[in-house]
Amino acid sequence: MAKKKIAISCGDIQGVGLELILKSHKEVSAFCEPLYLIDGELLERANQLLHNAYETKTLNTLAIHSPLPLLNSSTIGKVSAQSGAYSFESFKKACELADDKEVDGVCTLPINKLAWQQAQIPFVGHTDFLKQRYKDHQIIMMLGCSKLFVGLFSDHVPLGAVSQLIQVKELVKFLLAFQKSTQAKIVQVCGFNPHAGEEGLFGEEDEKILKAIQKSNQTLGFECFLGPLPADSAFAPNKRKITPFYVSMSHDVGLAPLKALYFDESINVSLNAPILRASTDHGTAFDIAYQNKANNKSYLNAIKYLA
C-alpha cells in the first residue's frame, strides 16, 4: 500500500518547528510521504543554526509565496510579524492542498499567536482559521493520546466569556458531534463551577450542562454522556478507568490534567473538519529553540495519526 502524502506546515521558524522537521525526517518518512511547506533556504539556515547536524537535500519542500523572514542567532526565540505571516501562509497552503486532494492530511507545527496578531492575521490560531474556512462543519479541538482524550467545548476563549457560551442547544450540538466523530461509548463531562455547581448553589451553568447531557443521551438512545462531574476529581485514576474520553467546558480545566499526565505523547486533532489535521500539543518553545533539545514524540504521534 502506498504511503499517504502529508503536508507539514512549518510553524513559527523562530521556535522548535524546524528542528523537529530536520531531526525527525527519517522517522517521519517511514510512516508517510512528507511534503514540507517551507522554502529550502530556510531549512538550510535552520540546519546551520543546529551545527549542520542533519541532512537537508533529501527533504521534499514547497516554496511559500511570502517574504522570507530573517533567521539567525539574533532572531531565534523572538516574536516576529514576518515569521507570523510566513507560518500562516505555510498553513493556508497546506489546507489548500488538502482541499484539492493533493495531500491526504495536514500536520501543523507550532505557531506563535502574538506573531500572527502582529502580522495582522485575523485568526487566533489554527483551529480558529479552520472554523472560519469550514463554517458548515462543527469543528472541535480535541487533545490527547490513547490513554486520555479531552474535547474542548470552548478553546481559545477568555475564561470570563465561557459562562455565556454554555447554552443547552449549543452544548447538545457539540456533544452529539463529539460522539459521532469519536464513536465513544462513554464520555465524561466536566462541570463548570466548583463541585459541578452543587445543585445550583454555585451558578446555573451546570444545570444547563445536565440538561444538555440528558437531551444528548435521549437523542443517542443510550447513556453515553456522564456528568457533569466535579472537575477537581474528574480525572482521578478511578474515573479514568471508566473511559479515556472527556469533555471540558474550558481550555485549562481539561488540558491541565492531560498535560500533567501525558504531555510528551499527546497530540491536537481537529474533529469534524473536511480535511485530516493533527498537530503537536505543545507550543513554539522559544526558550529551547535551536538547542537540539526539542522532544519529537508528540510530532511523531501526530504524523502516525494522519498516516
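Here the Cβ of each residue, glycine as well, is placed from N, Cα and C on the backbone.
These figures come from a predicted structure and were not determined experimentally.
What Swiss-Prot says about this protein:
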type	residues	note
BINDING	His126, Thr127, Lys259, Asn268, Arg277	substrate binding site
BINDING	His156, His195, His251	divalent metal cation binding site
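Features per Swiss-Prot, on structure.
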residue: His126; record: substrate binding site; DSSP (3 states): helix
residue: His156; record: divalent metal cation binding site; DSSP (3 states): coil
residue: His195; record: divalent metal cation binding site; DSSP (3 states): helix
residue: His251; record: divalent metal cation binding site; DSSP (3 states): helix
residue: Lys259; record: substrate binding site; DSSP (3 states): helix
residue: Asn268; record: substrate binding site; DSSP (3 states): strand
residue: Arg277; record: substrate binding site; DSSP (3 states): strand
List the Cα distance (Å, whole number) between Asn268 (substrate binding site) and His156 (divalent metal cation binding site).
14
Radius 10 Å, atoms counted are CB only; among the binding-site residues His156, His195, His251, Lys259, Arg277, which position scores highest?
Arg277
Tell me, if you would, which residue among Thr127, Asn268 (binding-site residues) has the fewest other CB atoms within 10 Å in the structure shown?
Thr127
Looking at Cβ-Cβ distances, which residues of the chain lie under 8 angstroms from His126 (substrate binding site) while being 6 or more apart from it?
Phe91, Thr108, Ile111, Ser270, Arg277, Ser279
Between His251 (divalent metal cation binding site) and Lys259 (substrate binding site), the C-alpha gap once rounded to whole angstrom:
12
